[in-house]
Amino acid sequence: MGASVVLGACSNNNNEASPSPSASASTSASAGASASAAPAELTPQTFTFLNYSNPSWPYDANWKIWSYIKEKTGVTLDIQLPAGNLLEDAISLAIAGGDMPDIMWTQEKRLADKFGQQGALVNILDYVDDMPNFKAWMAKYPAETQNMLSSDGKMYEFPNQGLGESNRRTWMYREDVFKKLNLSTPKTWDELYETLKKLKAEYPESYPLTVRNGLRYFEDFAAGFGVSAPVDAQRASAYLDGATGEWKYAPVQPAYKDMLVYFNKFYKEGLIPKDFLTIDTKMWQDIVSTNRAFVTLDYIGRIDFYNSALRKDNPDFSMNFMAPPAGPSGLQKNAFTAVTEEGFMISSKSKKIKDIVKFIDFFYSDEGHELVSWGKEGDTVSGDSFIEKYTDISDLRKKTGLSTDGTYTWFDFNAHISVSSPELKSAYEQAPQFDNAKTSTPPFTPEEQQVLSTKGDSLNSHRDENFAKFIMGTRSFDTWDKFVEEQKKLGYEEILEIYKKSGRARESGREVSNKRNKQ
Amino acid sequence: MALFRLKLNRSKYLLLLFLPALVYYILFKYVPMFGILISFKDYNPFKGIWQSDWVGLRYYSMFFHSPDFPKLLRNTVLLGVYKVVFGFPAPIVLALLLNEVRKGIVKRLVQSISYLPHFISNVVVVSMLFLFLSPTSGLVNHVVEWMGYSSINFMQNENYFRTLYILSEIWQHIGWETIIYLAALSAIDPQLYEAATVDGASRWHQLRHITVPGIMPAIVILFILNIGHVLDIGFEKVLLMLNPSIYSTADVLSTYVFRTGIQAMNYSYGTAIDLFTSVVNLLFILTANWISRKTSETSLW
């Protein structure tokens with residue numbers, strides 16, 4: 001580590017014609033495998049960077065992470081924040097205005113694909129030879145790399161690994177209440193129904209199963225029925241069927257109906273809130289914290305969020321990990337949500353592209369991995385634990401800036417686990433065994449994207465409207481076949497065909513690159 | 001020429017007062033109009049408006065052939081018409097009632113209280129709706145249950161959406177919109193009332209034959225202007241109230257443009273729909289103005 005600092009300090013050779021890739025490769029090789037060298041050729045310089053500021057840990061220029069990055073790479077990031085915190089708008093404005101920052105952060109890959117194919121972003125694959133660490137990383141994480149490709153085979157956003165784990169969602173339950181009533185956690189959806197009924201009988205004012213965000217988490221519920229697919233306004237409910245390896249459309253599957261039948265029963269008997277479609281984060285938190293919900297499904301970190309906040313007044317309060325109940329066919333699964341699409345993009349108009357890729361290459365070195373996850377040895381971290389005691393992840397983020405937006409790409413999730421409570425730690429250990437197969441949306445061409453967002457919108461709003469009606473009982477399940485017919489008329493088959501086609505294209509692309517790697 | 005200069009000189013202060021408005025309209029209304037070009041192009045922000053490829057009427061036909069088009073148009077027009085039918089007379093009635101109030105302090109108090117909701121943001125108004133109307137903890141439903149009925153799921157029932165939207169809209173803006181009528185009322189010559197009293201006209205007669213005709217020009221002008229906004233449904237309020245169970249009545253053009261045009265980044269498509277909305281609005285306002293000119297003396301132009 002010390003060696004690279006020295007190298008960084010006396011790096012004045014950058015102005016000679018751009019250093020050859022082989023030269024930088026040899027420096028990294030000589031530094032050893034465990035701590036490959038920082039891009040020592042970089043002189044102190046500044047890149048403009050359009051970043052996102054998360055309201056839960058708002059951007060702070062004094063965070064330690066920025067000085068760490070500068071120390072290791074010589075780079076000062078001149079950070080611009082999007083007006084009104086609307087990153088997407090800020091990026092398209094910057095592109096349309098022709099005055100793009102050197103680097104931009106995105107939360108969604110579709111944005112990178114769209115603007116990349118329009119010519120606004122650098123194709124990262126053109127610069128792989130300048131990025132020895134990234135090259136090695138891609139060989140280590142082929143799936144993460146492939147999933148970041150655009151439909152034209154290029155790559156406009158840097159792939160990430162590690163922090164996706166914080167997006168993991170899981171079932172949770174009130175362990176203390178279950179113990180008090182002598183209930184065991186439900187093993188199946190039928191048991192879930194019985195358990196919720198018992199809870200309701202004991203607490204008539206409660207809605208034993210409460211989740212937020214309307215129909216969004218039906219993606220997770222559906223995993224037990226083998227039909228887990230996104231249910232949001234922007235995406236079609238297509239899923240890759242494990243048995244056949246084919247893309248299928250979830251809402252028309254009989255198993256989906258089975259799940260909606262359960263929810264219809266839940267609704268009728270008051271086991272879910274009557275206004276379940278409009279429960280927002282605040283209402284959900286109110287209901288959970290006032291002992292009116294005992295089973296919920298959300299981001300895994302919420303275990304600590306509730307426990308640390310509510311134990312002050314109610315020392316017995318215990319929210320804990322619950323294994324997913326098995327669906328009718330015995331499937332005991334959670335949707336695979338441990339992914340994030342956040343990452344760096346580089347402006348094609350930047351004059352410093354060569355320097356920027358070298359800068360970002362640092363984030364793919366073992367040293368960079370260590371630095372963005374744990375900070376600096378002796379300053380924030382000692383061995384494999386943080387020096388200061390942080391109450392939770394957001395405390396860590398707010399105090400140091402570690403793992404906030406725009407500071408990472410390859411992340412060691414053990415850093416997060418180390419600040420978790422014993423309950424959350426054990427949840428992290430148990431959760432992966434229930435993971436559904438990991439699938440990712442295939443990349444679409446701009447034409448396909450347009451069909452998905454216009455025709456797809458009619459399909460999605462019809463889907464959501466009718467899910468709501470089936471659950472609330474305003475539409476009878478006798479008309480299920482008619483619903484399937486309506487969805488067909490709105491063109492789910494065309495949408496599905498797009499998924500199949502792009503899925504196949506990605507598969508064949510994978511084979512080509514595998515062959516290339518073997519040669 | 002000399003005459004022109006004389007006129008210019010005479011009205012230079014008026015023109016100076018007019019200048020900010022002129023600059024505003026040129027900068028924020030006329031210049032952006034150039035952007036409607038992108039509705040005929042496959043807009044690529046990186047290439048810019050000029051360099052993007054022409055696609056003719058592709059986005060218009062895409063919209064007219066969308067299966068949601070009839071539903072969106074119906075919802076938008078109905079909501080707009082209800083807003084005019086119920087929302088337009090409300091401030092007139094309130095203004096007339098206020099005009100009859102004799103105690104100045106009562107009048108001023110009512111006025112101030114009815115103005116206040118105008119300054120509450122839509123986000124707050126909609127969350128108030130959710131809070132008061134919640135079937136689990138809402139005040140309204142407590143009353144409903146106390147009267148022996150079972151609680152009503154107001155916000156998740158498509159039949160209540162329009163009523164709730166219009167009622168809350170009236171509550172928000174009624175006080176504010178009375179201002180202009182109260183101003184028109186104060187301009188009526190008091191001698192007319194004195195003469196009428198001498199002739200033995202009752203208060204009702206005075207209202208019918210002096211007050212209402214006195215503010216009629218204001219009513220007609222505001223009506224025509226309102227007609228021009230029939231399809232401009234306040235987008236954020238609908239969006240905030242929107243949830244899947246009420247799509248069939250609540251999904252309107254502007255929320256659709258937000259989803260498919262802005263969020264999904266089909267800027268050309270969104271612009272095409274917005275231009276269509278504006279054309280329809282223009283037709284409405286032209287028709288209203290034409291009818292008004294034929295039947296009364298008041299019109300916009």
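Including glycine, each Cβ sits where the backbone N, Cα and C put it.
What TrEMBL says about this one:
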- B:73-288: domain 'ABC transmembrane type-1' (DOMAIN)
- B:12-40: transmembrane segment (TRANSMEM)
- B:77-98: transmembrane segment (TRANSMEM)
- B:119-140: transmembrane segment (TRANSMEM)
- B:210-231: transmembrane segment (TRANSMEM)
- B:238-257: transmembrane segment (TRANSMEM)
- B:269-291: transmembrane segment (TRANSMEM)
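The transmembrane segment (B:12-40) makes contact with the transmembrane segment (B:269-291), as judged by at least three Cβ pairs under 8 Å among residues 6 or more apart in sequence. Cβ atoms under 8 Å from those of the transmembrane segment (B:119-140) belong to residues 151-155, 164, 168, 172, 234, 236-237, 240-241 of the same chain, restricted to positions at least 6 beyond its ends. Away from its own ends, the transmembrane segment (B:210-231) comes close to residues 76-77, 80-81, 83-84, 88, 92, 95-96, 99, 180-181, 184-185, 187-188, 192-193, 196, 253, 277, 280-282, 284-285, 287-289, 292, 296, 298-300 of its chain (Cβ-Cβ under 8 Å, at least six residues beyond either end).
Counting same-chain residues at least six beyond the ends of the transmembrane segment (B:77-98), those with a Cβ under 8 angstroms from any Cβ of the stretch are 107, 110-111, 114, 162, 165-166, 169-170, 173-178, 181-182, 185, 207, 211-212, 215, 219, 222-223, 226-227, 229-233, 238, 252. Within the chain carrying the transmembrane segment (B:269-291), a Cβ under 8 angstroms from the stretch's Cβ atoms is held by residues 35-36, 38-40, 43, 59-60, 62-63, 76, 223-225, 227-232, 253-254, 256-257, 260-262, 299-301, all 6 or more beyond its ends.
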